[in-house]
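Undergrad: Supplied in structure tokens, the structure appears directly below.
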């Protein structure tokens, strides 16, 4: 048999009984089909199986052809930052809530995976953003798949900032914060803030002021080729940045924040019968009333 993928990694964080049964069933199913399987270390320890190959997420990224992520979108976000460094392809089994990134249903995951492992899939290269903090010419860098959020440390406290696009001043804003989102992140926090939904492969970035103090402030969609720079008012004391929902870190009024497209991509794969608008309709409840009337 000619395998599309030879070595498959299984990754996940939650180790409750329900999750463990999914890990166990998936592992045994792949082994019976003749694949080499690498279990992430914590899964291997929890399953306590004999003669298993285990490793870190980095090991899986380096050695495997495909990683199967079991969890929610949060799990995928955490893992994306590591696996985007490798040519490995990624697919997710959703045991979380919405599951925009982990789109396989646990109940039908094996049958869908069987279809995919026979070559019936396509790849989406989801770009990441670089978030660069500059202070006294010293740079620190983070990578995000969904969004970066700049906000005050104090609840309901506005911040003042200037936004430059390609080093040209674009606008000044007083707001609770600012969201910079990728197309992948357009169905996450950006959506809750009133941002548009973008097709995943659009080469674009969303800029959304959060609760702006101004009647004419609107979300912007710009080319992902552009560089975004944020400068803060000298009046502002307490600022933080959150990257993909992780614990915020402090920034200061004399810091500059530069955000631009990374050279890294998450290589996400889907079944050939996957359709993004079907996902939006199901996840967001579009057209429910319409279909009820027809019935």
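Note: Cβ is positioned from N, Cα and C throughout, glycine not excepted.
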Undergrad: Which of these, 139, 157, does Swiss-Prot say binds NAD(+) at the same site as 73, 74, 78, 146, 147, 174, 176, 187, 188, 189, 190, 191, 192?
TA: 157
Undergrad: Give the maximum pairwise CA distance in Å, whole number, for the residues 73, 74, 78, 146, 147, 157, 174, 176, 187, 188, 189, 190, 191, 192 listed as binding NAD(+).
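TA: Result: 31 Å between the two most distant Cα atoms.
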Undergrad: To the nearest whole angstrom, what is the C-alpha distance linking residue 189 (NAD(+) binding site) and residue 73 (active site, proton acceptor)?
TA: 12
Undergrad: Could you state the whole-number distance in Å separating the C-alpha atoms of residue 187 (NAD(+) binding site) and residue 73 (active site, proton acceptor)?
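TA: For residue 187 (NAD(+) binding site) versus residue 73 (active site, proton acceptor), the Cα atoms are 11 Å apart.
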Undergrad: Measure from the CA atom of residue 73 (active site, proton acceptor) to the CA atom of residue 174 (NAD(+) binding site) and give the result in Å, rounded to a whole number.
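TA: About 31 Å separates the two Cα atoms.
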Undergrad: Quick one: pull the CA-CA distance for residue 73 (active site, proton acceptor) versus residue 191 (NAD(+) binding site), whole Å only.
TA: 15
